[in-house]
Amino acid sequence: MLCPLHKYKPCRIRSLASGFWEPYCALERPLSLFLTLYKAKLCPKKLQNRLVSGCQVTITFHGREGVAIGELRTELEEEGLLEHIRRSRMDELLAMADRDRDENITYREFYRMMTHDLTVEERRPFKRVMRAAIADLVPRRMREDFLANYNCCPPPLFIPLISAIEIGIFIYYVFDLKDQGIETTATSGVPIKSPLVYNPRRRYEAWRFASYMFIHQGYMHIISNMVFQLAFGLSLEVVHKFWRVGLVYVLGALAGCLLHSLTDMHVSLVGASGGVYAILGAHVAAIVINWREMNYRCMDPQELEDNVCCGFFRILLSAPVRLAIILILVVPDTALAIYRRVTEPDDFKVGVSAHVGGFVAGIFMGIVILRNIKRHTWERNLGWLTLALYLAFVAFTALFNVFYPGYPKTDWSSL
């Protein structure tokens, strides 16, 4: 049964829209006032919290200083806030929120702005846009310190998965070749008739330009690839996550086979070396776009004094040391591959082009795809350039494979 609210004198109730006390007179429509009073009595605090839900953890993650106003303003503009309110009003709200004038907004300041400073009409668009803008901002420590971006959430997935698939396929063909009377040794044993092998006579089967990475020739071939793949792929995936590393890996394997098809037109190709070298090239790309962040507090006497292990770890993972390790591994291995390519019989020749193509593609696409902790204008321009070069290379090699008449005669027979 409803109360006779029309008999009540003017009263003060908590406004659900603005979050502070405002005078209200009894309305002529008792039912409408009753519902308003009922909701206000029920959960005024809950409704205020709903305005800032989902933002506390994100803002707190940025540290005690909060979110930088300049960066927040840029993100709000990019998220489309100016479609709902004027720029002068946005600047006014941000200035009001920064009550201590430190050019940062803490969660306390953000809460007061959302519950006190905004009008009813501004709250809905501001809440939606603000949540997206804050989520896009990278905390200051993570922008400055590359090591702060190492985490296992989500854990590495692509490298363990692709390695397990490659090992499984290798084991399958070991037994398959054994049934045919062919023994797999350290350097021999390849299922040349497999539909996964790149065969220059069957280039119309386009999947072979990528599926060749699942086939290996002998135990030493797959063991060496798996060691490099796990050693360098897992560390890359911890920072850049599986979707970025997986895309670079596949694009590198594709580029390696396309370059091989230009330089060794009559030679089949197997092995994951194109993808493995793409991982190594991706490390170089990560060094290029995160050079300053990787050198954060490197050789800092205070860091070494406070924590010797952490200081030594920073030195080992600094950009110059990373680059030196990659070059020490890549240059001798490539030189040995070139030597074997020139001097050894055809059955033992190494596809150097796949190594080179995968490595260069890893650098080019790594600059575009991998996580850039603090993106600069020149890095963005470099990314567009490397993307254009990669796409031009793929287009040129694809057309070359289609129209060049010097390839072996096409084999149209069924397998």
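Each Cβ is built from the backbone N, Cα and C atoms, and glycine gets one as well.
Per TrEMBL, the features are:
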- 85-120: domain 'EF-hand' (DOMAIN)
- 157-175: transmembrane segment (TRANSMEM)
- 242-263: transmembrane segment (TRANSMEM)
- 269-291: transmembrane segment (TRANSMEM)
- 312-332: transmembrane segment (TRANSMEM)
- 352-370: transmembrane segment (TRANSMEM)
- 382-404: transmembrane segment (TRANSMEM)
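Counted as Cβ pairs under 8 Å, contacts with the transmembrane segment (352-370) are highest for 269-291 among 242-263, 269-291, 382-404. Remark: secondary structure over the domain 'EF-hand' (85-120) totals 23 helix, 2 strand, 11 coil, with classes taken from DSSP.
For the domain 'EF-hand' (85-120), the model's pLDDT averages out at 78. Long-range neighbours of the transmembrane segment (382-404) within the same chain, counting only residues 6 or more positions beyond its ends whose Cβ lies under 8 Å from a Cβ of the stretch, are 203, 251, 254-255, 258-259, 261-262, 288, 361, 363-365, 367-368.
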